[in-house]
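Undergrad: Please see the structure below; I have some questions.
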Amino acid sequence: MAEQPLETNYFTLWGMPIFVLFKDARLVLKTDSIGMEILRMAFPAALALAADPIASLIDTAFIGRIGAVELAAVGVSIAIFNQAARITIYPLVSITTSFVAQEQTLADATIHAPKFDHPENDGGNKEQIITPQNLEKGSDKITSTCKQPPCGDDVTSEVKKGKRHIPSASTAMFFGLVLGLLQTLFLVFGAKILLLVMGVKPNSPMMKPALKYLTLRSLGAPAVLLSLAMQGIFRGFKDTKTPLYATGVSGAAIAHVLSQYMITLFLLCQLVKQVELLPFHIKDLQFGRFLKNGVMLMGRVIAVTFCVTLSASMAARLGPTPMAAFQICLQVWLTSSLLADGLAVAGQAILACAFAEKDYKKVTEVAVRVLQMSFVMGMGLAVVVGVGLHFGSGIFSKDAAVLRLISIGVVFVAGTQPINSLAFVCDGVNFGSSDFAFTAYSMVIV
């Protein structure tokens with residue numbers, strides 16, 4: 001059978017790619033098969049992704065009532081921790097989701113493939129064995145009998161009876177553990193130097209609470225990396241429900257650490273039931289693919305997080321009051337923005353499966369739909385965040401100076417929500433097609 005051509009009508013008919021947002025816009029909220037498939041994944045994923053930012057937001061509210069100095073100290077510490085964490089988290093989770101989705105789809109395609117008792121009677125037309133490696137090279141043959149991605153709820157009986165052999169899962173776990181341990185060592189031993197680099201002076205009242213929070217929070221880095229690696233694996237299975245169900249300054253940091261280890265333990269127990277993690281063969285691990293794409297995404301994340309970290313550093317140099325206001329605005333911005341990441345996760349997993357099946361018609365339809373849904377969500381978030389932060393800023397602080405600075409930042413926090421939503425989902429579309437190079441190069445250039 002000839003390979004199905006990639007649909008380009010959405011682009012050629014409208015002249016410019018940006019107009020894809022308005023093509024068949026009336027279908028954006030339609031609950032057809034594609035819409036329901038996206039929503040079934042996006043809603044649990046958004047709740048799971050928002051869990052940690054919401055916890056940080058609650059921390060911000062409680063610590064803000066202690067005082068502006070303590071809130072500013074925690075803000076600087078979180079900025080450092082997030083900078084270190086996202087450099088490793090973002091590439092690890094994004095790559096894991098795409099690779100696991102591809103391998104699961106290809107494994108199910110092999111199970112569904114017709115089996116011949118006498119190979120010599122099939123006219124010599126033997127299908128090429130598809131692997132993630134030759135899929136990247138453009139292999140155009142895949143035997144699949146199901147148009148809906150088989151790595152969703154309709155799992156084959158063969159997979160149900162035994163554990164899945166997904167090499168990328170073991171690779172992701174290995175990288176998550178190693179990177180988490182390295183991150184902990186780096187933050188524990190370099191905490192004071194990093195705080196000084198961020199602009200916290202040795203005699204500043206922020207130094208002591210910031211050092212304490214950052215040191216304690218960094219102990220949870222291995223759990224953060226492992227739990228998110230496992231979330232990436234489950235996302236690759238198009239299972240966003242399992243990660244959802246796992247759910248003073250020193251006390252806030254300890255609570256984060258304990259919660260991350262509890263989530264890690266829960267997800268590990270669930271994953272061991274479904275995937276062969278140990279023993280594994282070194283040759284089966286996808287070190288080359290992970291490192292190649294991971295390095296590119298790491299450069300992208302450094303470019304993205306550098307701006308946020310630089311902003312936090314500049315706010316810290318202005319003093320505790322501006323830093324406290326900055327931390328509140330940043331935490332609200334992150335929490336609301338990450339809700340759109342649920343759509344990105346859904347789009348990435350569905351597109352990775354569709355690309356593995358060579359179902360390019362579905363690729364186009366899903367990409368268009370998630371982009372349109374993200375724009376609608378962004379407009380809604382702009383209104384909710386703007387009104388909520390304007391009238392509810394008193395929840396986070398009672399300091400009049402801090403509240404005055406927050407009122408200035410409301411416009412920027414709310415106004416960027418549509419852009420954030422589109423940006424997150426564009427990432428999901430690119431990651432679903434395993435186009436990590438374009439994502440990295442474009443961000444670094446910008």
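Using the three backbone atoms N, Cα and C, a Cβ is placed for every residue, glycine included.
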Undergrad: With TrEMBL as the source, identify the stretch among 37-59, 60-82, 290-312 annotated transmembrane segment.
TA: 290-312
Undergrad: Under a Cβ pair cut-off of under 8 Å, which of the recorded stretches 219-237, 290-312, 332-354, 395-414 contacts the transmembrane segment (366-389) most often?
TA: 332-354
Undergrad: Thinking of Cβ pairs under 8 Å, which stretch from 173-198, 219-237, 332-354, 395-414 has the most of them with the transmembrane segment (290-312)?
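TA: Selected stretch: 173-198, with the most Cβ pairs under 8 Å.
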Undergrad: For the transmembrane segment (395-414), what are the same-chain contacts with Cβ under 8 Å, counting residues 6+ beyond its ends?
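TA: For the transmembrane segment (395-414), the sequence-distant neighbours (Cβ-Cβ under 8 Å, at least 6 residues beyond its ends) are 60-61, 64-65, 67-68, 71, 321-322, 324-326, 328-329, 332-333, 336, 381-383, 385-386, 389.
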